[in-house]
Amino acid sequence: MSGSPAVVMRLVASAYRVAEKAGAIVRRVLHSGELGIVEKTGANDLQTLADRLAQQSICASLSKRFPKITIIGEEDLPVEEVSGDLMETGQEEEILHKPCPAEYRELKEEEIVVWVDPLDGTKEYTEASMCLRRQTEARTPHNRPDTSKPHSTALWLLDNVTVLIGIAYGGRAIAGVINQPFYNYQLGEGAALGRTIWGMVGLGAFGFELQEVPGDRRIVTTTRSHSNKLVIDCVDAMEPHEVIRVGGAGNKIIQLVEGRASAYVFASIGCKKWDTCAPEAVLQAVGGKLTDIYGNAYRYDANVKHMNSTGVLATLRNHEYYTSRVPQSVLQALKSE
Ligand SMILES: Nc1ncnc2c1ncn2[C@@H]1O[C@H](COP(=O)(O)O)[C@@H](O)[C@H]1OP(=O)(O)O
Ligand SMILES: [Mg+2]
Ligand SMILES: [Mg+2]
Ligand SMILES: [Mg+2]
């Protein structure tokens, strides 16, 4: 590599550290126990103090270093000065040393759109918090929480939570950073929590071990908290051997690239561009695909509508099988405009 790193590599290197900081904020708010929950459109569409602080931290940090980039965050927040302790100025050195794919070398700041989901899986985050609170209240010297059985509690929900920073150019998701703040939660008190996964189309994806679901087993992952008849009909039509119901778009893409699920199927409105941009880039970087249920790609230009109105279908392999199985009734109900 000669000269200074390309703008987009510097942006990903910053986004990596910014996502780590946001992950730390998400952990800190959970442990404070004061979530400051606000209902947006309803009980399954929540915002917490962690969503607010993480978004402020991400947007202020990135826009300070890259003032000409368009940044679109999920949360609608009042414009105010962001306190210094929320600012992150670091860059992940290792990313700066990676070769930028030729087609992105000359990108200018003003051509880039960044989609920010400060906390994906907010519903599950709030439920995990309630679970922790109950455990703490029940704790006496003789009645300690049994963390050796995480599935007997709702603590596994912590892994549904991610921080998503997606980078788009020319309407396409080209790079993404996914921080999973509670990764390794099973190790209990004192363990270092969290990991960061990132990827770039044409370069690859890092921070995890790529695995596929063995053989021709079809394991479908879908929503846990935003289900309806269409969602269920569409999952059933895939003739899955197994269905996993978990929260978060970022979390479900991690399941695909780590060989725990073969397809993410969500035949409903609800998911938005900030939910899919980073996951799509990471998945595509390892040869996977994220589309709507028709098999059509979403665009990520600054002026697109935020809602992914025609659902989400994501796979590492065999995308056509899944698009071909979507029932006509579901396609009709989620008709593209
Ligand atoms: N009906 C909905 N209302 C609000 N957010 C939704 C809805 N459906 C999906 N989402 C967003 O998409 C993510 C993936 O969906 P699901 O968890 O249901 O599989 C959710 O975690 C949520 O993101 P967020 O938690 O960032 O608000
Ligand atoms: Mg939300
Ligand atoms: Mg989200
Ligand atoms: Mg969110």
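A Cβ is built for glycine as well, from the same backbone N, Cα and C atoms used for every other residue.
Taken from TrEMBL as is:
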BINDING   GLU74, ASP117, LEU119, ASP120, ASP275  Mg(2+) binding site
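Features as recorded by TrEMBL, highlighted on the structure.
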residue : record              : contacts (Cβ under 8 Å, 6+ apart)
GLU74   : Mg(2+) binding site : ASP51, GLN55, VAL116, ASP117, PRO118, LYS272, TRP274
LEU119  : Mg(2+) binding site : ALA22, VAL26, THR48, ALA50, ASP51, ALA54, TYR125, VAL161, THR162, VAL163
ASP120  : Mg(2+) binding site : VAL161, THR162, VAL163, LEU164, GLY248, ALA249, GLY250, ASN251, ASP275
Which of ASP117, ASP275, the listed binding-site residues, has fewest other Cβ atoms within 10 Å: ASP275
Per DSSP, three-state class assigned to GLU74 (Mg(2+) binding site): coil
Binding-site residues whose CB lies under 6 angstroms from ligand 4, from GLU74, ASP117, LEU119, ASP120, ASP275: GLU74, ASP117, LEU119, ASP120
Cβ under 6 Å from ligand 3: qualifying binding-site residues of ASP117, LEU119, ASP120, ASP275: ASP117, ASP120, ASP275
